[in-house]
Amino acid sequence: MTELSRIRNFSIVAHIDHGKSTLADRLIQLTGGLSEREMKEQVLDSMDIERERGITIKAQTVRLDYTAADGEAYVLNLIDTPGHVDFGYEVSRSMRAVEGSLLVVDASQGVEAQTLANVYQAIDANHEIVPVLNKIDLPAAEPDRVKEQIEDVIGIDASQSVLISAKSGLGVADVLEAIVKRLPAPKGDRDAPLKAALVDSWYDPYLGVVVLVRIHDGVLRKGDRVRMMQTGATYQVDKVGVCRPTRKVDVEELGPGEIGFLTASIKQVRDTRVGDTITHEKRLCAKALPGYKPAQPVVFCGLFPVDSADFEDLRTAIEKLALNDASFSYEVETSAALGFGFRCGFLGLLHLEIIRERLEREYDIDLITTAPSVVYHLHMTDGTMTELHNPADMPDVMKIDRIEEPWIKATILVPDEFLGDVLKLCQERRGVQDTLTYAGSRAMVVYRLPLNEVVFDFYDRLKSATKGYASFDYQMDGYQADALVKMQILVNAEPVDALSMIVHRDRADLRGRAMCEKLKDLIPQHMFQVPIQAAIGGRIIARETIRALRKDVTAKCYGGDVSRKRKLLDKQKAGKKKMRQFGKVDIPQEAFISALKMDS
Amino acid sequence: MTGGDAKPAMPPPHRADAAAAPHDWLAGGFGVYVHWPFCAAKCPYCDFNSHVAKAAVDQPRWRAALLAEMEAARAATGPRRADTVFFGGGTPSLMPPETVAALVEAVDRLWGVAPGAEITLEANPTSVEAGRFRGYALAGVNRVSMGVQALNDRDLRALGRMHSAAEARAAFDVARAAFERVSFDLIYAREGQTPAAWAAELRAALAMAVDHLSLYQLTIEPGTAFGARFDAGKLTVPPDDDAATMYLETQEVCAAAGLPAYEVSNHARPGAESRHNRVYWRYGDYAGVGPGAHGRITGADGARRATVSPSAPGAWLAAVERGGGPSWAEEVVAPPDQATEYLMMALRLTEGADLARFARLNGAPLDPARIAPLVEDGLATADGDRIAATAAGRPVLNALLRALLA
């Protein structure tokens, strides 16, 4: 139990690579939370993929003890949040568990799109915000210009910004002082009925389901019987504790303003609801906290094992991953082409990529990924609405009144010289310009775009068009009807369900042609001619033909060539496992992925 | 050659329907291959095991070594009769006729040469080599296969050949007089060659009194001079379409002249097929003697082994002279792998493969679901017991084999 006035709860907001995790590490080090030996780069990013990609996927919490310049001992609770748009929901709920934020901006780069998206979440949560300019020791650092930019673009006072170099440790002590001096202490009533927010939950192999809580009122003790106000479930609390940098430490109780964890023999993460209010079964609090909006998958794709014998392994792996990631949805899907697999829902493309990579890497399963699709709303002629997650499931068009697709509002910051290319790209992707303003020498353009046009290769195209200088973030922006059609791909007259997609009618010809051309290069020649067609309904909109192989025979083959030829065939046998058969045609699995990337 | 009747304990006559895998090779016969690795010059397209000797070849030493390895091969095969003998290379027409005579005698002594057995020697069509033809015939050689390669001097030079077209024609005439059977090789789809030019050259070749032709489409092999020039963009070959057209035209022209294809690249008057090479394609046994020679030998234990001798002449010589067994490394070919090898080789032949033999080796029949689409597309025939590639299927045989086996 700590005095409210001695507690500070905060998060760190930053664009990717602006030094958020490095600063967190420094704060931990400086408060003695970690010995030199334990100090690994970016302690809080515990997954391999997080470290490798330098991103944070899962929010992490750490409790630090800090004795301030005034001699008082404080408890600091840091919630490190993901920076990427796909994990925005993690940010928003974490923000609501703390009172203040450090806004970390790279002093040589300035404000970026993710900075904006996350700082607005902090503002929405009524945070006190302390701007921190990082990388101040770089020759290219322009602290004054960046302060001005923060004031212009975000509209908060940046005159008291803390100037630091997280890398060298310069100025980090000032950050600790600013946390204590400038961020508000939490409020709460120790004697009121227990009111605690369920901030997050995850599966721990030793402890089972661990629930991260923020106490608003009352006191939570080991052995208490608690009730989850939304789900109605009741549990006996086995443990309460706090998260130290390297381990969890049990405590007797958690009081108002504190952040910690509980375990209560909860079977799976799905039994808990993030944003739920935890109270005592015998002494309910009068009013639950406002819940969080649950994260909704926005991008769907099929994941199929390359080797159909791996299906059960894939199921086990997916179930395990889902244990810890309630935002990831899955159901069994059967494809005529690909056999048994799973239709999976993700928060975005990065989320998709991460899950796929973890399945391949941590569970050693080779996967075929089908075309990513967004969730369409099909308004039927009978007045009902159904969600379409898979273009292959599209019902009879005669029964559909209209199709609505999800739109996003995208914020792109880009140096002036690349603005033209960015506008052209957005225009090509059916974008509608919302605003165009300047933040220093950089243009900030807000576009409304159909998500469908973004899930394919928008990031890649944006990056290459701007030499990597553009930053991009988005939020969902409702549904809108448009002239959408299902485009099928036929290989040798057989429809390949895994390649069908929903496209805008005006873009269908272009997409169809691009797909056919791509597939023509990706599918090897066969002993017969292989037509590749794109079709809408029964109408062929594009066609390419892979010519029949005319000659593929070894001219000389005598006694000395037998072993070599057989070994070559054996190798081809292995290669064929990476192919899928459609009628008589073998399609290499990489065709499914490559065909969907658009170069044109 | 003294004939088979002098030998005791002859193996049973060959039966094509050998009931069990241990005698499978009987369906293809048995041949002895002797490799002479030396050439006067290395041809720029050739990836065979050939070497230009730095000093004069020590003939007695090489003869002794080849004879020694032949003894070792006999120990591995046990008693059986040789259906064919083949001297390949390299350039075996650089061998002294006495060496050839000694080796033929050794084959007869060790295995017994079947009456009327085919004994072939590969020869370059130069006047020097033609001078030895009589001697080879006396040594027992009854068939030569000549590396003519082209019938115009410009292309012969481009192919790095050391003879002219006129010289080749003269050597051919000498060979016709010396041997019962003469075959020659041509290479087509050469740089700058059009389908029409090739058809004309082929007709000229057929007009020579030849009963067997090996017609090879030029293949750019890695590790050869042509390979390096091709990679450097200094050598071009006709586009695939032209090459395919030339192949089809080759089949038609030869068939019309009475030398239909009996194998992918081999054409013969009926009865004049190369019996030695047919041992490979029918997947018989063969003993490989000499540097880099390969063999397939079914031992007394019923296991079939792939053998391969060291390919560098010096290393081979040292291995043989060390004594105590054959120079080669060997590896048992499991019956299902034998099935693959059999089908792979036999489908090169117009006659195709025996499905029952394949099934016996493989332990399971060839998947009918794989055969049916090929038959449907006219690429293969499968009538009762046999499967064969059609004239349309043979040019894409590699793809056809992938469809059946991969």
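Cβ coordinates come from backbone N, Cα and C, glycine included.
According to TrEMBL, the feature GTP binding site maps to A:Asp17, A:His18, A:Gly19, A:Lys20, A:Ser21, A:Thr22, A:Asn134, A:Lys135, A:Ile136, A:Asp137. Within its own chain, A:Asn134 (GTP binding site) has A:His18, A:Gly19, A:Thr22, A:Leu23, A:Val104, A:Val105, A:Asp106, A:Ala107, A:Ile164, A:Ser165, A:Ala166 as residues 6 or more apart in sequence whose C-beta sits under 8 angstroms from its own.
Taken from TrEMBL, the feature domain 'Tr-type G' applies to A:5-187. The average per-residue pLDDT of the prediction over the domain 'Tr-type G' (A:5-187) is 82, rounded to a whole number.
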*Tell me the Cβ neighbour count for A:Ile136 (GTP binding site), meaning other Cβ atoms within 10 Å of its Cβ, over all protein chains shown.*
22
*asked:* What's the number of neighbouring CB atoms sitting within 10 A of the CB on A:Ser21 (GTP binding site)?
replied: 27
_Fewest other C-beta atoms within 10 angstroms, as judged across A:Asp17, A:Gly19, which are the binding-site residues_ = A:Asp17
